[in-house]
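> Feature annotation from TrEMBL assigns transmembrane segment to B:6-29, B:41-60, B:66-89, B:101-123, B:143-165, B:199-217, B:223-241, B:248-266, B:272-291.
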Amino acid sequence: MVRNVLDIKSLEVTYGKVEALKGLELTVGDKEIVALLGNNGAGKSTTVSAISGVVRSRAGTVTAYGEDITAATPWSIVERGIVHVPEGRRIFSRLTVHENLQLGGYTVREGTLVDKRITRVYEHFPRLAERRHQQGGTLSGGEQQMLAIGRAMVAGPRLIMLDEPSMGLAPLVVAQVMDAIVSINQSGTAVLLIEQNARAALKIAHRGYVIDSGRVTLTGPAAELRADPQVVEAYLGA
Amino acid sequence: MNHLQLVLSGLFVGSFYALVALGYSMVYGIIKLLNFAHGDLYMLGAFAGFIVLSVGAGALGGGFIALIAIMIVAMIATGGFGMLLERVAYRPLRSAPRLSVLITAVGASFALEYGIAVGFGPTPEVYPIGVQDGTLHIANAQITYAQLAMMAIAVTLMVALDTIVRKTRSGRAMRAISQDPKACLLMGVNVDRVISRTFFIGSALAGAAGVMAGAYYGKIDFLMGFIIGLKAFTAAVIGGIGNLRGAVLGAIVLGLLESFGGAYLGSEWRDVFAFCFLILFLTVRPTGLLGERVTERV
């Protein structure tokens, strides 16, 4: 039996009295790109935050490679190779680009492995190499997104979860970010991609989920979702 | 007026203010808490050294080796206590309003002060360390070798700290947490552990300063940390709170200001002088001498 990278069963999360997730079901298979779509407040960010352990769930289970990680600490989840690139990138603005990348490898014990992965990130994103000694806060939005993705790659993820990576970026830059995601996936990392930009996300995803008010309302292969009248109307425009 | 002498004493006092101010600034930087109990950790360090001296006075003998041994023990004890304080008093309030933690810190300060007063009595203890051997004369000023040795230790500790914070994995995590603790969780940083470590280091430095103060002034008491805590805060503000090099700079500036101010205005004005500078900086330049220099693009 091929184990799924990620299995989420009836996940419930509440913020005070507000129910953000009401029994969410989601899986990510090996080497898959899965798009998670939905309107603002549908529960997309809550879903990834619950997976990465920064938000606690009230009920339900999160399983990674058959191992229950529902109650695991955020750092032990990163150690398991599940890395969350947060919304708004959250670059350490007063640390240099290089230090940001080093911090991405915090859970990696061997320093040489961290250096090797950082070198690979620089090959992938030459702009970051040029700016390695600059403070993170001085980068442009697109560069910061590259840095956020590169930083996550230094952890050596098996699953990378990206929360709105195209937010606030020019169309050309969005295309670059999507290309980067595809190439990360081709090197064997599974991807869970949250996007407002459903068109861009469904172009590269294998499967997709549409969630609304904390529940999955629609799921299927990306090609089917792209053609689904409901999706077209709600997320892809006419 | 012997200016060189004033400079020397200013630098000496400044160097142990710096050790205390560093911890103050580190803790503020990482959890944005003004740890009012920090000065009392310095007092605790002095008492830890005192216990070692009383118990092992004969075995240790006098001299610098003894001083260093005592400092190490005091640093470990104080560092450990600082960690415990964070674990017991501050961590449970991590997500509570800032004011609750601040009040807890004031409470912790009183608990430490009067705890020691109960244990050792309220009268000052004579610090039984005898490193008054030899004095270095420079022109018409003088400084004892003991003071020089203590300054050298202080400088060594500061350089070590600076290296840790700038170059190591732990130090990087400390700086990152001071900017965005939540993002640090996503990097896999065990934030609790790094905060513990920060308290250990900051408190250990205060402990070292406590021993230095005991050896320098010759006596210690349970309230000795109160005023130094405020002075360290002043130094940290002068330098730019949260900025470690700023804390050292602020402490040295404060030491010199006090030394000169005390000489010209009378030593009873020393503290008035120091705190006037605190008020001056808070009103005119709240970011301190080395306040944020970074431009951030949004």
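Positions of Cβ are set from backbone N, Cα and C atoms, glycine also.
Have a look at these and tell me how they're positioned relative to everything else.
If one looks beyond the transmembrane segment (B:6-29) by at least 6 residues along the same chain, the residues whose Cβ comes under 8 Å of a Cβ in the stretch are 35, 38-39, 41-42, 82, 138, 141-143, 147, 150-151, 154-155, 157-158, 161, 174, 178, 198-199, 201-203, 205-206, 208-209, 212-213, 216, 228-229, 231-233, 235-236, 239, 241-244, 246-248, 250-260, 263.
Cβ atoms under 8 Å from those of the transmembrane segment (B:199-217) belong to residues 12, 16-17, 19-20, 22-24, 26-27, 38-39, 41-50, 67, 70-71, 74-83, 85-86, 127, 129, 131, 146-147, 150, 153-154, 157, 161, 164, 224-225, 228 of the same chain, restricted to positions at least 6 beyond its ends.
Long-range contacts of the transmembrane segment (B:248-266) within its own chain (CB-CB distance under 8 A, at least 6 residues past either end) are made by residues 1, 6-7, 9-15, 17-18, 20-22, 158, 231-232, 234-240, 273-274, 277, 288-290.
Long-range contacts of the transmembrane segment (B:272-291) within the same chain: residues 230-231, 233-234, 236-241, 243, 245-246, 249-250, 253-254, 257-258, 261-262, 265, each at least 6 residues beyond the stretch ends and with a Cβ under 8 Å from a Cβ of the stretch.
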> Would you kindly list the residues that approach the transmembrane segment (B:41-60) from elsewhere in its chain, counting only those six or more residues past its ends and only Cβ-Cβ distances under 8 Å?
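Same-chain contacts beyond the flanks: 20, 23, 66, 69-71, 73-75, 77-78, 81-82, 85, 112-113, 116, 120, 125, 127-129, 203, 206-211, 213-214, 220, 222-225, 228-229, 232.
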> Would the transmembrane segment (B:66-89) count as touching the transmembrane segment (B:223-241), i.e. at least 3 C-beta pairs under 8 angstroms with sequence separation of 6+?
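No, since the transmembrane segment (B:223-241) and the transmembrane segment (B:66-89) share fewer than 3 Cβ pairs closer than 8 Å, they do not count as touching.
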> Mind checking which residues of the chain, 6+ beyond the ends of the transmembrane segment (B:66-89), have their Cβ under 8 Å from one of its Cβ atoms?
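Tertiary neighbours of the transmembrane segment (B:66-89) are 23, 37, 41-42, 44-46, 48-49, 52-53, 60, 104-105, 107-108, 129, 131, 146, 149-150, 153, 195-196, 199-208, 210-212, 215.
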